[in-house]
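What TrEMBL annotates here:
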BINDING   Asp10, Asp12, Glu170, Asp171  Mg(2+) binding site
BINDING   10-12, Trp26, 45-50, Ser53, Lys77, 115-119, Lys146  substrate binding site
ACT_SITE  Asp10  active site, proton donor/acceptor
ACT_SITE  Asp12  active site, proton donor/acceptor
Amino acid sequence: MSKIKGVIFDLDGVIVDTAKFHFLAWKKLANDLGFDFTELQNEELKGVSRVRSLEKILEWGNTSLSEDEFIKKMAVKNDNYLSYITNLTSKDILPGVSRIIDFLTEENIPISLGSASKNARPILKKTGLIEKFHAIVDGNDVSKAKPDPEVFLIAAEKIGVAKENCLVFEDSVAGVQAANIAGMMSIGIGEKDVLHEADHVFSSFEEIEIDFIKKLLTT
Ligand code: G6P
Ligand code: MG
């Protein structure tokens, strides 16, 4: 493994616990259309763009919508999602995340965001983290959804770090696959069974020792 010189964070489910709000808002949409989907199916929505998520949900419900209805449903989902996150603050940063970000900052390691979300900037502002990022690549900057590596390749380019020297933190299967395809080191945050394709998996940032990160920066 190459020395790590830059770190890319996914947002939802990695930095903030917003993955549960995406789930709630999609579930409401499906329920309004008369069907439901499971938490296991929801794993397939993590890291995936808004459009692709709705396409998948409609497939699960054997339902189709006109183009107009599709756009309206996406807007309703996003409005619901935004209503869940209006009061987001620095208190909603997941445990252990700030400790790692602060360590990387002290070590002068550039940090980039690599998220599929179009709501990434407001979330980083609300949580007071935006200044910590040297680059932000989000759903407004990419055309291909994870597992396509586009978002991470742009994120690496923006911080001027070669892909083999990048480390990606991800909570989604699609995101871990995207990092692997990009040729970057992947660290999964979540369950080992789900994220088994990652180079390392931790159940949360609290489980990550600073020494572990230090080694990645020096060896
Ligand atoms: C992230 C989340 C997905 C979400 C996607 C688009 O990758 O993991 O659950 O659907 O971003 O987010 P947006 O905020 O633009 O709807
Ligand atoms: Mg995520």
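Each residue, glycine too, has its Cβ placed from N, Cα and C.
The structure, with features from TrEMBL marked on it.
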residue	record	DSSP (3 states)
Asp10	Mg(2+) binding site	coil
Trp26	substrate binding site	helix
Gly47	substrate binding site	coil
Ser115	substrate binding site	coil
Glu170	Mg(2+) binding site	strand
Inter-residue Cα distance where the pair is Asp171 (Mg(2+) binding site) and Ser115 (substrate binding site), in Å: 11
Alpha-carbon distance [Gly47 (substrate binding site); Glu170 (Mg(2+) binding site)] in Å: 9
By CA-CA distance, flag whichever of Asp10, Asp12, Asp171 among the binding-site residues is nearest to Arg50 (substrate binding site). Asp12
Are there any residues at least 6 positions away along the chain from Gly47 (substrate binding site) with a Cβ closer than 8 Å to its Cβ? List them or say none. Asp10, Asp12, Ala116, Lys146, Glu170, Asp171, Ser172, Val173, Ala174, Gly175, Ala178
For the recorded Mg(2+) site, enumerate neighbouring residues of the same chain (Cβ within 8 Å of the Cβ centroid of Asp10, Asp12, Glu170, Asp171, site residues themselves excluded), in sequence order. Phe9, Leu11, Gly13, Val14, Ala19, Lys46, Gly47, Ser115, Phe169, Ser172, Gly175, Ile189
Should we count any of the binding-site residues Asp10, Asp12, Gly47, Lys118, Glu170, Asp171 as near ligand 1, judged by a CB under 6 A from one of its atoms, and which? Asp12, Gly47, Lys118
Checking the binding-site residues Asp10, Asp12, Trp26, Asp171 against ligand 2, those whose Cβ falls under 6 Å of one of its atoms come out as Asp10, Asp12, Asp171
Taking the Cβ of Asp10 (Mg(2+) binding site) as the centre, how many other Cβ atoms fall within a 10 Å radius? 30
Which site among Asp12, Glu170, Asp171 has the most other CB atoms no more than 10 Å from its CB, taking these as binding-site residues? Glu170
Its Cβ having more other Cβ atoms within 10 Å than any other among the binding-site residues Arg50, Lys118, the winner is Arg50
Quiz question: given the binding-site residues Trp26, Ser115, which has the greatest number of C-beta atoms lying within 10 angstroms of its own C-beta? Ser115
